Every structure is written in C-alpha cells, then in structure tokens.
Amino acid sequence: MSRSAEAIEVGDEHIRSSNFEIVQQKSIDCSAEKRKSLRARYFYGILFLVTNLSAWFIRDYAQKALPLLHYIKACRTGGRDCFHTLGVLRVSLGCFIFFLLMFLTTCNTKKLYEVRNNWHSGWWSLKFFMLVVSIAVPFFFPSDYIQLYGKFNLRVYCKMIFLVLQLVSVIEFIAWWNKCWKPDQERKQSCSLGLFMSTLFYIASIFGIVLMYYLYAHRLACSLNIFFVTWTAILLIVMMVISLHSMVNRGILSSGIMASYIVFLCWSAIRSEPANEICNAQKQVNGNGDWTTILSFLTAICAIVMATFSTGIDSQSFQFRKDKVQLDDDIPYNYGFFHLIFSLGAMYFAMLFISWNLENSARKWSIDVGWASTWVKIINEWFAATIYIWKLISPVVRQPKVMDHEEPNQQIDDSITP
C-alpha cells in the first residue's frame, strides 16, 4: 500500500509540474504574441504615413516625375485626371480599400491564438504588395467614379467626426499624463518635472498668442482674427483659473497641455484662411512655399497620422461597458476598430490635401486651406475647451447631489441607533 501511495503521489507531482509548465509556456506565448501585435501598430502607422506622402507627391510633382501616367487611358490627355485633385483622390481610395480589407478580415478577432491575429501582426510582404495594388488600381478607374468618391467624402463624411475622434485622443492623453505625473510625497522628482513641463506648456501657449497677434491680428481691420486670438487667450486663462481653484485642485499640467492644444488649433485655423486675405501673412514665391508654410504642412501631416494612430488604438473610449476583464490571451486592442479608423483617415487626408474643393487644385505645400476648414477648426477649439472645462468642474457640480442623497440615509441611521 505504501508503494502504491508513493507512486500515486509521484504521479500527482508529475501532473502538477506538467500543468505548470504548460501554463507557463502558454503565458510566454501570449506575451510574445501581444508584443508582436503591439509592434504591428507602428508598421500600419508607417504605411499610412507613406500613403500620405505619396498623395502629396502625386498632387504636386507627379506630372513631371511620372510621365508614364500620361499614357493611361483613364488619365485622359496629358494625364490631367491622375494628378492634382483627382490624383489625391485615387491614392486615398486605394488606401481606403486596403484598410477596409484589413477591417473585414480582422473585425471579429478576440484571442491571440486565432489565425486572424497572425494575419494582423504578420505577413508584411503580402500586405505591402496589397497596398501597392490597392493604390495602383484606382488609377485605372474612370474619372467619373473618382469624382463620385470625392463628392461622397465632401458631402457625407463630416469633418467634425474625425476632429472629435482627435479630441478624444487628446483627452485620453491628458488623463494618461495626469496618472503618470500625479504628485505624491514619494515622487518629488516627478512632481518637479511635472511643474517644469506645465511651465513650458504655458510659456509656449503665451508665446503662440503673442505671435498670432503680431502676424495675423496686427490691424484693426483684422477684426475676425483679433476675435479668434482674444477668445483663445480668454479660454486659456479660464482653464488655468478653474484648474487651480481650491474646489477643483487639478494642478496646471493638464490645463497647460490643453492650452497648447487650443492655441495650436487657433493657429491652424488662421493658417487655413485663404492666402489672398490681407490679414493672412502667408506668401509664396515662384510657386514654392516659405519655411512657415512648409513647417505647417509637415506639422499637419504628422497631426493626421498621430490622430489616426492614437484614435485607432483607443477603442475603449467608445465602449459603453468598460468593466470587462482583460484576460492574458485577449488581443491588446480592437483590430477591426483600428483598421476602420485608418480607412476613415484615408478619406480624411484626401479632403485636407484638396482643401475640401473638388474644382480647383490646391497650391504646392498647402493643406486644408479655405474658410470651411477655418471655421471647423475654430469650432473644434471651442468644443475641446468646453469638454475639458466640464471634465474639471463636473465632480464639483455632482458632489452636492451626492451629499443630498447621503444626508437622508445618515438621518435614518441616527434615528435607528439607540
């Protein structure tokens, strides 16, 4: 009996050790797959950036650099329908097709061991070939279909949708920043760095306000620009005062980040005004942009890519239920939502490159120019400031209601207690 008991005990130990090794191996495999999936986000971001640069090249320089396009039947005489506005739309349509295919093939992925997870995180040679084919195919479509795609973008796809998604990503970034730099007694160095960064953000914001007054609101005739800049300065002061109020006490770091963001939106809105306006200091010499035009153009492209990327990985902000437990073998982010946002971003960058105008081609090194763009950015600035101020004061506004509900309960408890 003793030998059989020892044999059973040894067998149990062997089974437990085998199970532990299996669980450990599974955990290691899940960690490796999760890291691979997280790295894949940056590859998709790079592909999206390359597509944006390709659209810019097709719009401004492909007419001389790519003479083979002149011989494509769909491009018509001289290839005029494959450059400038229609060229941008063709590249955008190809990018949209690619990410739509990725959305359709990954939208229901839940676990890291699924085949669709391997498709999302690997097979890059095949995906690059798919992207090239997807961009090339629209250049053989008749121009009428490309015009229809552009009209769909212009009339149906609302600019505010994507700007709201961009705003959500900024709000999430502020929440992350506050979490990382939350001051306490054990992290004095982090608190000092947070104070330094908040001061830096406010100095940059004030400098931006002064610079906009000097460049775009230096005449009394520029009343609209004066209003834009002045109202931005007022919003900056209001956000700082509320965040420092004793009842809110949120510090100045998050308000400094938000102040920089709304100053950037105001500057971007004024830069979107038509260049022939007397209050807009933009100039072009010999068809080439000056350094401020080139800088704003590159900044806008980076903003498009970053807004698309940050929104695509932040699907939790658009979920009604946020109490779902994340398991080890769950995917780290929603693949379908990620590719859907990139497909919408493909439609969005097309409208920016053609300045929301299907009739006239945008000039070189310009992006998102026109009164429609100006007002959308200004409204987005006001909306962003309103949302942020509400996030600051909402706990204070709701607190009295909570106290009112607690007082009756407290009175009942006191009456019961002998």
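If you go along the chain as it appears here, the first residue is 1 and each next one adds 1.
Even glycines carry a Cβ here, placed using N, Cα and C.
Straight from TrEMBL, the features:
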type	residues	note
TRANSMEM	42-62	transmembrane segment
TRANSMEM	83-104	transmembrane segment
TRANSMEM	124-142	transmembrane segment
TRANSMEM	154-175	transmembrane segment
TRANSMEM	195-217	transmembrane segment
TRANSMEM	224-245	transmembrane segment
TRANSMEM	251-270	transmembrane segment
TRANSMEM	291-313	transmembrane segment
TRANSMEM	333-354	transmembrane segment
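Relative to the transmembrane segment (83-104), the listed stretch 333-354 leads the set 195-217, 224-245, 251-270, 291-313, 333-354 in CB pairs under 8 A. Packing against the transmembrane segment (224-245) from elsewhere in the chain are residues 202, 205-206, 209, 212-213, 216-217, 251-252, 254-256, 258-259, 262-263, 266, 269-270, 279, 378, 381-382, 385, 388-389, 392-393: each is 6 or more residues past its ends and has a CB under 8 Å from a CB in it. Listed as Cβ neighbours of the transmembrane segment (42-62) (distance under 8 Å, sequence separation of 6 or more from its ends, same chain) are residues 69, 82-85, 87-88, 90-92, 94-95, 124, 127-128, 131, 135, 301, 304-305, 308-309, 338-339, 342, 345-346, 349-350, 353-354, 361-362, 364-365.
When each of the listed stretches 124-142, 195-217, 251-270, 333-354 is scored by C-beta pairs under 8 angstroms to the transmembrane segment (291-313), 333-354 comes out highest.
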